[in-house]
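Asks: I'd like to ask you about the structure that follows.
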Amino acid sequence: MEETSTSKKFTTSSQKRRRKINWLPYQFLLPTILLLMLINFYPFLTGLFYSIREGSLIQLEDFVGLDNYIKLLQMPEFWNALQFSFLFGFFGVAGSYLIGLVLAVLLNKDVWGKGFFRVALLVPWIIPSVVSIVGWRWMIGDQHGLVNQLVGFLGMDPINFLGTENGAIFSVILIKIWRSFPFMMVTILASLQTINTDLYEAAKIDGANRWQSFRFITMPSIKMISIICCILMTIWCFNDFDTIWLLTQGGPVNATENLIILAYKYTFTKSDVGIGSAVSIFSLLILMILAVIMLKFQEKD
């Protein structure tokens, strides 16, 4: 009996020692966590505070509660910006993901010049955004741009890429895809290289063709990283300011005006910080909802 009670005491004390939490790593992480909270939450709380006030950044006026949000929902230009934001985000994410996926699959194989193409295809992502966008504007901005000179050389009429609504929408989406697909390509390629090649060998022995191997092995293996990439790209598309502003400034006739451009115009051009902040808060809520939906979709699968 004494031996049994002694062993029980020893087991209980050892379990207590194992349950003891080592707080040292958390203490080292605490300053970084507090700094990140300050960097992220302070702008959010400031924007929330401004969204319930009237006035400009220089002179804030009375507290108006939810009036700015109600007024915003009654503005046609808000719904136009929201519609374009979804359009820009959907085609920007889908286009960059599909191109990145195809190129990643090709570069994951033993092809000639693989190292060169891996570096060359990163150029759109490496070049500073201002440099690349200004370069695109120089090429397609007017009738004397490089692209229209080539079009004229072929005997066709010049194309007004940025002067018409459809042309401007198509141009900004295409340039966004061009700037974004390298990120998708690199991330998916890194994920592809972690897949065990024995799975493909086993599938080949079982009679699976290339499409079946891609569908049932490759895609499930990269699904989680694909969802994370799409979430990040959706956020970047919704918050993309430089691509649209440097190309069209939201024109023509607000055809390429997204939520971030609308918030900028109201805050700095029209000096209405309340409406501008309300647009930013709406944009944040939409992005949070989209991110939750994508993550729930992954959990369901």
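Glycine residues also receive a Cβ, built from the backbone N, Cα and C atoms like all the rest.
Features from TrEMBL:
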| type | residues | note |
| --- | --- | --- |
| DOMAIN | 82-294 | domain 'ABC transmembrane type-1' |
| TRANSMEM | 21-42 | transmembrane segment |
| TRANSMEM | 81-107 | transmembrane segment |
| TRANSMEM | 119-139 | transmembrane segment |
| TRANSMEM | 159-178 | transmembrane segment |
| TRANSMEM | 214-236 | transmembrane segment |
| TRANSMEM | 273-295 | transmembrane segment |
Asks: Counting only residues 6+ away from its ends, which parts of the chain sit with a Cβ under 8 Å from the transmembrane segment (81-107)?
Replies: 114, 117-118, 121, 169, 172-174, 176-177, 180-189, 192, 214, 218, 226, 229-230, 233-234, 237-238, 240, 244, 254-259, 261-262, 279, 282-283, 286
Asks: Sequence-remote contacts (6 or more beyond its ends) of the transmembrane segment (159-178), Cβ cut-off under 8 Å?
Replies: 84, 87-88, 91-92, 95-96, 99, 124, 133, 136-137, 140-141, 143, 145, 147-148, 151, 237, 240, 243-244, 247-248, 251-253, 255-256
